[in-house]
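Undergrad: Sharing a structure, written as structure tokens. Questions coming.
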Amino acid sequence: MSVIEIPLKNSEEVLEVSLSDLHENSNEILSILHQEEAPLALYLNFALEYYKRGMFNEFELFLQQGSKAALVTANQHKQQLLILNCLASYQIKKAKKINLNDPSSQEEKKYLFEAATSLFNAADKIDIRETISWIGKGILLLTKGQLDRANNIFKTIIESTENANNIPALLGKACISFINKDYKGALACYQRVLRYAPDLKPNVRIPIGLCFYALGNIKMARTAFERVLKMEPDNADALIYLSIIDLNKAKEVKNETFLENISKGREKLKKAYQLNYKNPVVALQLADYCFNKNEYEKVKLLANLAYTNTNVPALQAVAYYNIGRVHQATKNYEKAYKAFAQAVRLDPNNILAQFGMGQMFFYKSTISNIVFIYVYDETPSACECFEKVLAADPNNYDVLKILGCLYSKLRNYQKAIDCYDRISRIPKSKNDELNESNDYEVWIDKAKLLEQNDTKAALNAYEKAVKILEDTNERVPPELWNNIAVLYHMDGDLNMAEQMYHKAYTECSEKMNLSEVDKEYYDGLETSISYNVSRLYEAQKETLKANKIYNQIIKNHPRYIDAYLRLGAIEIEQGNYKKGIGYYKKVLDFDPKNVDAYSLMGYAQGLMNQIKLSRKTYEKILKDIDRYDLYALCAVGNIHLIAGRNSQNKQDKEIFYKRAVELFDKAIILDNQNIYAVNGIAIALAERGYTDVAQNLFIQIREVKSSVEAIWVNLGHIYVELGQYQSAINNYENCLKKLTNITEIGYIYQCLAKAYFAQAKVEKKVNLMNKAEYYIQKSFFIKPKDKSLQFDLALIKQEFAQLVIDQPSEIRTIDNLKKALNGLAISKKYFTALKNVKTKPVNYDISIASRREEHNETVRKAVLQKLEEQEDLEKKKRERMNNIRIQREKEMKERELKKEEELRKAIEEEKRIERQREELALRLEKEREEESLIEEQLKEKKKSTTSKSKSHNNNNNNFINDEEDDNMDYDDSEDEKKMKKKRKRNKRKHDRDESDSEKNYDSENNYSDKEDDLNFDGGNSDEENIRSIKKRKKYALSKDIISDEDEDDDDDEVIAGSKSNNSSRNKIIEDEDDNYDEE
């Protein structure tokens, strides 16, 4: 069509407007349309022609004038709706062109959206059900990002019958599904569009291919794009997507097809760029290609080109990512960070940009030795960036390894371990099951994290690292063997530790023989391994071997201070305090400010009871070396605690406690996690009487550091003071599980004994006193010369006797009384020895031992008296129980005899019932015989009656008397009925007799079962039950007989009531019935 005809007003003529003259005559055309009151369709036709020619201002102008003309034009609602929808759609298109990153244009965009909304509302006033208007509103909401509302509109349109295949609605729903990553739903919609509009432009096969690609079906995606190229050989979109598929395939499959795929991908990419270099996807793909060729300037140009030619935030984010990685490659990290941050802001789901920004954070943390740096307040941390990448790609090996390193630096060990666990289970390929990692470094890093809290898991990780190295024929580093040995050492497996140390030492010696290694490093490592072996010998109590190695280390390295310190510790442990202090002084000769040497010296002086000298040694550390040394602060505080505890002067006691608390408080200020200082404060409070406050402190310390044994012991002491003995026992037992030192174990046994002793005295329970004795015996076994333990043992035995005496006679036993007597003998022996002890001072009260020794005899006499009483009581009790037993046996025997008698009677009853059955059977047989006889008599009688009737009829001239015939037939019929009833009656009676017999038999059996179940006490109930059952049997039998007689009488009445004229015959039957009834 080259012209558009405008009909002239009030005329049949038309004005032809040539389409070639549209450029110059727009105003004139509008004037003509207005003057001639042209149909609205012409406004729309001219607007579309202008749109085709790219004259968008004229397009919009004609639509606006058309909408105004519609206000004065009637009966053109359809054309008015089209104009309004077309104009609203154009407003949406203009809004989409505005750059999202241009803040100055956002107001204009908002205005355009409002204008489109207003136009759709105007269309709704004309016809709110118009489908085109609803599609336009859906597109508007989609453009504004209100996906749910837009989806509801498209869904409603498609679900209606008349619009089930509405192409714009299907496309809108497909687009929303794709954005929401519902690729299957999007694919279904696009395929419906393809079915109803296969030639739609732009080609719907492009989004179909993208859906297949997103679903992982690369083969179908390629087929879709190739189909587009067959239809449109110059389709840039299909070319670029096929290029991406070819290049990705080359990355995944590096075989003989690698170069072929690369070549195909490059050719398609080149052709796509030539066809449409402004296509953002083409530009970004080409930028990636140039980056791999290190053509960084081209990358920046292409990225900027892509950014300026798209309003899609995801594509703009990829453009910024390419710019960022160019800056990263050129080590311009500040600009790289900004570019990555901008990419993340545009598309937070861009995992490549997140990874790049995480790398920038990691780089900055490495430089500044911290993990988090916030250059910009709104930027996430490195961990957050990598976590986002991990959420999108859960099996990313590099990201997991980086996160494990970051979390370990943050001391978030659990998250770090989780990362390494995930690394160790990454599958080798998509089709493989989960396999353990073969990267030994991962297992080593994981083991280092586990060393503090789970030595067994750490050992397992180290051993897997060793296995990986051995399987690949690589040498295991001596450091790794040493770490494994140390863990075995810490775990108490000293034999395995020794083997691992030997392997470490051997490997290190072999390394030393190699020329290309750092011999100084391996010499130091060999010395460290030797030192660890010496510590192992110490743990094995082989001090001679340990001394030998320490001396050899000192010979090779005279200033190896740790060897001197361990030699001093060995001497101190053996009681050679002066010799041990001599080693510490040698260390001070090398290093006059060595805190460890002073600390160990102060500890040795304390063991020598040189408390003042010990305090001065610790104070020297605080004054001259390090006034913030936590160990020295706590040590001096403990010394003040001991002084306060031993002081008899109340004022001095308060001063010592106050000074101790000040020192502990200072230690807590320096280290708020120092539980030893808090423990010291809690002890001071407890000893000053503030047990409730001390208890709360000990509980808090235990929650923070449950591995410290002293906390459990002190908390146990507090519970004993508060009378909460079971809680004290629980704390002592938990502490016992953690101890390995035999002396400390003996002390805990003593604490347990005292707790059980106190609990036994309060609760008056002998079993608790037995436990107290058990634990004091165990402690005494460890320290047999400890006088205080002898005192405690004697006291427990004496108190045991007292508890037994105080017990009620029904609870008290002769065994406990005898045990008490034996214990009192031992108690007297110990108290006598403790009273006359010669070596003083002693750690018990001698006066109490003397009084207890005197009290022992009193208790013994009481025990003897109770023993005599208990024996008499037990004798009477036994006699009474014997009489009861004899009486019970007698009653049981009587019940058994009675039961046997009842059983005999039941058997006899069963026999009687069987006899009744036999008699009944005989009677029935007799009745059958009589019945047969009666039948024969009836037949003979019938024959004689028939012959008489015939002769009578012949005498009366063959005259037939109908009435007589009828009566004769009736009499015959009644006889037959009577006979049948007789048979039925006999049969019913026979059946009932059999049924009653069976019931009687069953009830008898049931009675027997119930008797077996219920007769367990031998009472009179059995006899009564049998008697009642017998009565029921008799009653049932008599009842059946009576009912039979009644039925017989009824039958007789019926037969008697139907007598005929033949009286002689009826009389015979009645006589027979009477005879039967009598039977």
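Backbone N, Cα and C atoms are what each Cβ position is placed from, and that goes for glycine too.
Straight from TrEMBL, here's the annotation block:
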COMPBIAS  927-939  compositional bias 'Basic and acidic residues'
COMPBIAS  940-951  compositional bias 'Basic residues'
COMPBIAS  961-974  compositional bias 'Acidic residues'
COMPBIAS  979-990  compositional bias 'Basic residues'
COMPBIAS  991-1002  compositional bias 'Basic and acidic residues'
COMPBIAS  1010-1023  compositional bias 'Acidic residues'
COMPBIAS  1043-1054  compositional bias 'Acidic residues'
COMPBIAS  1070-1079  compositional bias 'Acidic residues'
REGION    927-1079  region 'Disordered'
REPEAT    202-235  repeat 'TPR'
REPEAT    317-350  repeat 'TPR'
REPEAT    397-430  repeat 'TPR'
REPEAT    561-594  repeat 'TPR'
REPEAT    709-742  repeat 'TPR'
Undergrad: Is the repeat 'TPR' (397-430) packed against any residues at least 6 beyond its ends, judged by a Cβ distance under 8 Å, and which are they?
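TA: Counting only partners 6 or more residues beyond its ends, the repeat 'TPR' (397-430) has Cβ contacts under 8 Å with 355, 358, 362, 365, 371, 382-383, 386-387, 389-390, 436-437, 439, 442-443, 445-446, 448-450, 452-453.
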Undergrad: Can you name the far-off residues of the same chain, 6+ from the ends of the repeat 'TPR' (317-350), with a Cβ under 8 Å from a Cβ of it?
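TA: That would be 101, 280, 284, 287-288, 291, 294, 296, 299-300, 302-304, 306-307, 356-357, 359-360, 363-364, 375-376, 379, 385, 388, 392.
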Undergrad: What average pLDDT is reported by the model for the repeat 'TPR' (317-350)?
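TA: Mean model confidence (pLDDT) across the repeat 'TPR' (317-350) is 88.
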Undergrad: Just to be sure I understand, if DSSP states are collapsed into helix, strand and coil, how many residues of the repeat 'TPR' (561-594) fall in each?
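TA: Here the numbers are 27 helix, 0 strand, 7 coil.
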